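Worksheet: the structure to be examined is printed underneath.
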Amino acid sequence: MHPPGADTVLVRHGDLNTKSNRVKRQMEGLLIENLEALLEDRSIPGEVERRWNRPLIHTDEDAIDAATKAAADAFGVVSVSPCVTTSIEKARILEALESMAEACYEGGTFAVDARRADKTLPYSSEDLAREGGTAIWEAVEDEFEPEVDLDDPDLTFGIEVREDIAFLYLETVDGPGGLPLGAQEPVISLISGGIDSPVAAYEMMCRGSPIVPVYVDLGAYGGIDHEARAMETVGTLSRYAPNFDMPVYKVPGGEIVDLLVTEMEQGRMLSLRRFFYRTAEVLAGRVDAPGIVTGEAVGQKSSQTMQNLAVTSRATTLPIHRPLLTRDKQEIVAQAREIDTYTQSTINAGCNRVAPDQVETNARLAQLLEHEPDDLLERAEAVAADAELVEP
Ligand SMILES: Nc1ncnc2c1ncn2[C@@H]1O[C@H](COP(=O)(O)OP(=O)(O)OP(=O)(O)O)[C@@H](O)[C@H]1O
């Protein structure tokens with residue numbers, strides 16, 4: 001809930017505070033560009049201002065909720081609050097609290113959470129909290145029986161006093177945290193369109209790495225819905241980063257999958273992963289990406305046992321990042337719902353089964369190479385060269 005008249009979004013970032021001043025300023029600049037792009041993409045009126053170390057979005061009350069949501073979608077943002085602002089005079093702050101209480105308090109417990117940046121002010125945070133609490137109480141006591149609960153209040157009146165302006169708010173919306181997108185090098189993101197890989201890609205974006213999505217077309221083993229699923233999830237991810245182009249490299253993998261299915265029984269799924277990684281490595285060279293990200297998690301599938309991951313990873317010299325490595329499926333599903341990729345990921349893609357009846361859970365590279373087509377990785381390089389770029 002925003003207070004009446006709210007026209008400013010206070011944006012808080014976390015990890016940037018551990019950086020040197022120079023890096024911090026550079027990353028704040030990126031965050032501001034990303035916030036501006038999100039506002040523009042969603043047609044939300046607003047100006048982003050860099051003040052102290054907090055970006056502020058100035059907008060109008062009609063757009064405040066949409067601006068709050070957009071800011072909470074920006075990577076690097078820890079939390080945001082839609083605020084009214086006043087001068088830093090204590091009397092003005094108390095008046096604003098009274099008005100907020102009259103308009104928004106509907107009974108139940110409340111608390112005041114006050115902070116001030118300037119320690120030379122003639123009042124302390126405790127003064128503000130105590131006197132603010134009294135002001136709120138007196139504003140509503142005729143109509144309600146107000147009760148203060150500092151541990152688990154129904155409504156928190158937030159006050160943040162900076163050098164020359166005070167922000168007042170009733171709501172703090174969590175952002176994804178991490179670093180602003182663009183703060184790190186890009187990463188090749190192997191996207192199948194299933195539940196896991198879009199979440200893994202999102203996690204890398206959250207650490208500042210733009211993703212370069214790669215989808216391997218499985219030919220007769222995939223199908224039109226399989227591809228649509230992958231493209232749509234990338235489309236959803238790109239809405240978090242409208243100022244970053246995210247065309248998908250579509251790799252024609254049908255012939256190779258067919259070859260693996262007809263020529264290999266034991267270890268087929270592992271060779272398929274090796275094919276994916278080598279393809280990703282070739283494309284990484286093209287876009288100067290120093291790593292690959294996948295949605296794999298230890299033990300989630302037979303191809304993802306510790307031993308199998310060790311063997312498949314040998315197909316590339318690039319690091320393979322697996323942000324979901326230790327996550328439970330339930331947790332991944334919950335995150336997919338939160339970031340809005342779940343529905344697309346669960347479209348029935350009707351793909352034909354590539355997995356053999358007998359799965360390998362404890363592969364050794366030497367044995368796998370005995371069964372794998374000799375030229376698999378060269379073939380992977382050739383099809384990667386034929387990849388076409390598709391807009392999601
Ligand atoms: N057709 C594909 N194109 C590109 N990458 C793929 C494709 N299929 C799988 N991958 C990549 O390989 C990883 C492992 O795939 P696999 O199907 O074994 O696992 P998964 O855990 O079900 O992943 P997902 O839910 O993302 O499909 C995926 O997370 C993804 O990064």
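In case you wondered, yes, glycine gets a Cβ from its N, Cα and C as well.
Curation plays no part in TrEMBL annotations; they are all automatic predictions.
Lifted from TrEMBL, the feature list:
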type	residues	note
DOMAIN	65-172	domain 'THUMP'
BINDING	Leu190, Ile191, Arg273, Gly295, Gln304	ATP binding site
Around Ile191 (ATP binding site), how many other CB atoms lie within 10 A of its CB?
28
On the Cα atoms of Leu190, Ile191, Arg273, Gly295, Gln304, which are listed as binding ATP, what is the maximum pairwise distance in Å?
16
Across all chains shown, how many C-beta atoms besides its own are within 10 angstroms of the C-beta of Arg273 (ATP binding site)?
22
The domain 'THUMP' (65-172): DSSP-derived helix, strand, coil residue counts:
39 helix, 31 strand, 38 coil
Which one is it: of the binding-site residues Leu190, Gly295, Gln304, which Cβ has the fewest other Cβ atoms within 10 Å in this structure?
Gln304
How would DSSP class Arg273 (ATP binding site) in three states?
helix
For Gln304 (ATP binding site), name the DSSP secondary structure in the helix/strand/coil scheme.
helix
When DSSP states are folded down to helix, strand and coil, where does Leu190 (ATP binding site) land?
strand
